[in-house]
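Undergrad: If you scroll down you'll find the structure; I have some questions about it.
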Amino acid sequence: MDILMESKREQILHWANQGLIDKQKIFQVLTDLHIIPNKHSWSLFIGQLLLWLGGLALSLSMMFFIAYNWDDLGKFSKFALVESMIISCLVFYWKFSTNKIASQLSLMFSSISLGVLLALFGQTYQTGADTWQLFAYWALLITPWVFVARFPAIVVLWIFLINISMLLYFHTMGRFFTLFFSSDENLLWTAFIFNSLIWFFWELSCKSINWLNERWAIRLISTAAGMPVTALLVVSIIDSINHNELAIISYLTLIMISYIVYRKKVKDLFMLAGMSLSLIIVLTFFFAKILFDKGSELSGFLIMTILIIGMASSAAIWLRNIYREQQ
C-alpha cells in the first residue's frame, strides 16, 4: 500500500509540473485520494497515540511508584494498587466496548499490569521460582484475553512472552536437552520452529480473519523466525568440524518459500528486504571463513569490503527494481 501511495504521489506531482493540475489544488487532490492524511485521519491518529501513551504512563507510573515506596507500602497495599489497576482496565473494557480501540487498549494494559502483579508476588513472597516461570505463567494467564480482545498487539505481546520464557528456560535447563544439539542450538531451533508456525498460520489466516490483517505484526513475527535460522547457519559456517546440514536445508527452504510468496503472491517489499539482509549476512560469513582460513588477513579484509559493498548494492538495485514494478 505504501508503494502504491508513493507512486500516486509522484504521478500527481509530475502532472502538476506539466501544468495538468493546478498547483494550488495539489494538497486537496492528495487529501481526497487519501495519499496524505486529512483532518479526520490526524485526529484518529492523535487520539490513538494519546490512548497508548496514557496507558503506558499509568502502567509505568504504577511500577515506579511501588518501587520508590517499597519500604513504606505494606504488601497488601502494593497488591491492592496493582489489582485495582487491572480491575479498572477490565471495567473500562466492559464499559467502553463500543469504542473498539479504547477497549482493546484497556485489555492490553491489563495484560501488562498482570505481569507486574506476578512479579510483585514473586518479589514479595520470594517463591524461589525460576524467572522463565514468571513469563510462562504470564503468557498462560493472558491467553483468554488474547482471544477475547482480537487485537494484534496483545497477540504479539503473548508471542513475545512465550519467546522470552523459552529463552530463559533453555538458559536455566538447557543442559538437560543436549542429546542432539547444544543448549544454544536447542533454543534457536525452538524459537525458529515456534515463530515459523505462528508466521505460517497468521499469514494463512489474515485474509479470512480481518483483525489479523496487520502487516506490522506479521513482519515482526517473520523477523523472530528468520533471526534464529540465520544464526544457526552462521554457526554452522563458523564451525568447521560440525556442519549442520539441517540448518542449511531449513534456511534454503525458508528463503525459497519467502521469495515465492512475497515476490509473487503477497508482494511485501519489507519481507524481501529482510531476506536480502539475511543472505548478505550468511554470504559474508561464508566468504570470510574461506578467506581468513587461508591466512590472508590483509587481502581478506579488502576483498570482504568489496564483497559487502557489492552485495548490498546489488540488493538495493534489486529491491528498487521490484519497487518500480509494483508502481
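Glycine is no exception: its Cβ is also placed from the backbone N, Cα and C atoms.
So TrEMBL lists the following for this protein:
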DOMAIN    14-153  domain 'DUF2157'
TRANSMEM  49-70  transmembrane segment
TRANSMEM  76-94  transmembrane segment
TRANSMEM  106-125  transmembrane segment
TRANSMEM  131-148  transmembrane segment
TRANSMEM  155-181  transmembrane segment
TRANSMEM  187-204  transmembrane segment
TRANSMEM  216-238  transmembrane segment
TRANSMEM  244-262  transmembrane segment
TRANSMEM  269-292  transmembrane segment
TRANSMEM  298-319  transmembrane segment
Undergrad: Taking every residue in the domain 'DUF2157' (14-153), what is their average pLDDT?
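TA: Across the domain 'DUF2157' (14-153), the average pLDDT comes out at 82.
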Undergrad: Residue counts in helix (H, G, I), strand (E, B) and coil for the domain 'DUF2157' (14-153), per DSSP?
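TA: Each residue of the domain 'DUF2157' (14-153) counted once, the result is 112 helix, 0 strand, 28 coil.
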